[in-house]
Each structure stands twice: as C-alpha cells, then as structure tokens.
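According to TrEMBL, the transmembrane segment annotation covers 20-39, 86-109, 116-138, 144-172, 184-203, 209-230, 293-314, 334-351, 358-377, 383-404. What TrEMBL lists as domain 'Major facilitator superfamily (MFS) profile' is 28-471. According to TrEMBL, the region 'Disordered' annotation covers 240-264. According to TrEMBL, the feature compositional bias 'Basic and acidic residues' maps to 255-264.
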Amino acid sequence: MRSSLAPGVWFLRAFSRDSWFRGFILLITFFIYTCYHMSRKPISVVKSRLHHNCSGIIQPTNNTHSINDTTWCNWAPFDQSNYKELLGAVDNAFLVAYAIGMFISGIFGERLPLRYYLSAGMLLSGLFTALFGLGYFWNIHVLWYFVLVQICNGLAQTTGWPSVVACVGNWFGKGKRGLIMGIWNSHTSVGNILGSLIAGIWVDEQWGLSFIVPGIITAIMGLITFFFLIEYPEDVDCTPPQHHVESEDSQDLPEDSHSNRDSSLESAVTYSKEPGAQPAAISFFGALRIPGVIEFSLCLLFAKLVSYTFLYWLPLYIFNVVHFTAKEAGDLSTLFDVGGIIGGILAGLISDYTNGRATTCCVMLILAAPMMFLYNSIGQRGISISIVMLIISGALVNGPYALITTAVSADLVRLWGLCWPGSFPPQAGTMSSTCSSLPTSWPACSSAGWCTKRSWPGSHPCTETEALVWP
C-alpha cells in the first residue's frame, strides 16, 4: 500500500522552478550585503574601548604609567587629547574612499561579470576588516596603519551595492518591487545588528576579534558567492521578468510626456529590445539625464547622512550618556536598526499601494526631522522611552533610505542601464555620509558634552562638574 504524497512535497510543487531560483537569488544577495554591512559596524562599538576613562580600573603592578593617569588603559594613538579627531579621521578614511569608489564601481560593475566582481570584493573586504583587528594582536599603535586599512576597505566595499542591485534587478520585474525590496533591504539593518552583537562579544576583552570574526565570515560568504551566484535567469533557462512593458509605462507617465522623455533620453540610453540582451553601457552625464536620478540622489544625500551618523556614533553616544558598558551600548544601539527593518518594509508596502515612491520618502523624512529633536530631548529619560524613540527614529530615517537604495535604484537599473544609473542615488548618499563624522566627532567623544543629570537603573550619574558643564 502506497502512502499519499508527503506534505513537504506538496509544498515544493506549489512553486515553479522560476520561483525557486528567484527565491534563491533573493536569499543569497540578502546574505551577501548583510556581510558587507556586518563588517562595517564593529568600529562604532570598539570606539568606546579605544579611548575611555581608566580611573576606575586597577592598574597592573608592572604598569609604568602614573597613578593619576586616566588614559593608561587606552589604545595608542587614541589615548591622546585629540582622540576625537583621530577617531573621526579613521571613519572618514573609510567613507571618503567609499564615496570616491562608488563613482567608479558602477562603471566596472557593468563591464565585468558580477559573480567575479562580488566574490573578489567580499574576499578583499573580509581581509581588510580582519587586518584592522590584527592591529590589536600585532600591537600596532600608529595612526597611518588604521587609516590605510580603512581606505582599502572602503574601496573594496564599493563592489557590493551596485552589483547586488543589478543582480536582483535582473531577476525581478517592477511589479510589487517596493514590498520585495523593502523586505530584502533589511539586510542593511540585519548586518548592523549582527555586527554590533558580534563585536560586543569581544569588545571588553580582545577588541581585535570584533573585527577578525566578521572579516572571516565576509570572506567565507565571498567564496559561497563565487560558487553559487547566478547573474541572469537565462543562464539557468529561467524566464526573464518583464521590465519594459508599454502598458506599465503609460500608467506612470502622462500621454504627452512620452515624446519628451524619449527624445531627451534617446542619445543618453540605448538598450536592445531582444529578449535576454544586455543593456548598453551608459555614460556619467547620460545617467544624470535620466528622470528621477538627481531628485532621489538629493533625497538620499540627507537621509544617509543621518543614518550613518547613528551607524558610527550611536553606541558611543549611549556609552557616554548612560554610562553603560561597551557591550550594553552596542546591544541597545541595535534597536535603531530594528526600526530600520520595520520602516523599510512599511515604505515598500506604502509605495506599492500608492504607486508613489517619491511621496512616501517625502512624508517619512518630514516626520523624521522632529523625531531627531525629540530623541535628543527626552530619549534619555528612561530605558523604555529610549527603546521606543530609537525604533521610531530608525523606521522614519531608514524607510526612505531603504526605498531609494533598493526599489528606486532597481527601477533605474532595469529601465535604463545595468549598474551605473542605479548606483547614482547611493553615490550621492555616500558623499553625505562622509560628513557624518565631522559634526558629531566632538560631542560624541566628549563625556561632558553628553552628560545628563538623569540616570537609568544600572547606570552612573554625572559628576557635579559635568552636570554644570552640560545640564
């Protein structure tokens, strides 16, 4: 007697071959960029160990420092009085290199096989992330080493975004792209969360491992990418998605705007209408002429500035204000990224339902502005208030950020080119992120500047002098 078909088999048969491959691509690209962001996060957690007040720590018997020296346990060269500028320089070394690299990464990405490009980029990114942590075990105390490693890592990280967006754009059509990309873009927040949690495990003992472990994971993911990434549906005999459907275009644009749009872009963008044909490369100025590129780039310019300020300085802010341990501050900072996951999914749902990506971004950014002031004013009144404010702030800031860098970029990639147009908004956002360390480095590193008279359970209140400096 034969049994009925197993329930699991019914489930497998419920999805077509194309659906399984598309799900696999969505999953592997999710893990790819999760690793990219995971390797960026440890520096924000480790900052609180590179320089902090050592007065409450008992000096070893063989220590040669003065008994009144409050910096004896810090890591040179960040034990100096100008440590806040040095920490900002380390951040900016990465961000400036990343901003410059993003302008050329899209050009290389559309001329090289994405699988090779991504694999090499992840291996290099893992290497340079680990090299930063090896500075702890090699007892390196020169600033140029950490700056040079950050520059190389910033350039290596630029291989990620244009490539994964182009790969996902090759597999998915425009329909419901906001929801799909909203869920998929949570890799940014998941990577930040994992980076904070992994770095927090070793930050109080051997902070070098906070970089080495994420670096190894990123390199391993690079090898997985080389062996399993599929660039185009045609490579495995899957049906390519419909990207250039006239009926969809006519819904998005008024009838009298077709001729103007076509004439203005005819010389800038050309692509073959044959199924499976690869779009032609596009120039820098040709990408600028594409409708929506400049507008969304300017929008992301400010959204990413705020997001990266939280990315690099939020753990140190919590460490100085609430006087939590470095691990506790890193763990609490993950709530901003939890809100980012929620905001990204909500932004995708709303944009799909209303068919208005620009309107969704506009409303969320307008609401995010006063939320920053509220968090600064009342966010330290209690742990519950801080949790709620961090989640809401993360949702409002990272919602538009997620929508522009995924759904909008993928729309541009598949409508007009391969990597170059879709990478323009992230490029503009990256330019603004280079400024995230400039206005925040002074107050972020000043315990007096962030002192608060309020204390949470388990925290330490301000000293009398600090309370007078900044009530």
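Cβ atoms here come from the backbone N, Cα and C positions, even for glycine.
Model confidence over the domain 'Major facilitator superfamily (MFS) profile' (28-471) stands at 76, taken as the mean pLDDT rounded to a whole number.
Counting Cβ pairs under 8 Å that are 6 or more residues apart, the transmembrane segment (334-351) and the transmembrane segment (20-39) reach fewer than 3 and are not in contact. Of the recorded ranges 86-109, 184-203, 209-230, 383-404, the transmembrane segment (116-138) has the largest number of C-beta contacts under 8 angstroms with 209-230. Relative to the transmembrane segment (383-404), the listed stretch 293-314 leads the set 20-39, 184-203, 209-230, 293-314 in CB pairs under 8 A. In this chain, the transmembrane segment (20-39) touches the transmembrane segment (209-230); three or more CB pairs sit within less than 8 A of each other, excluding pairs fewer than 6 residues apart.
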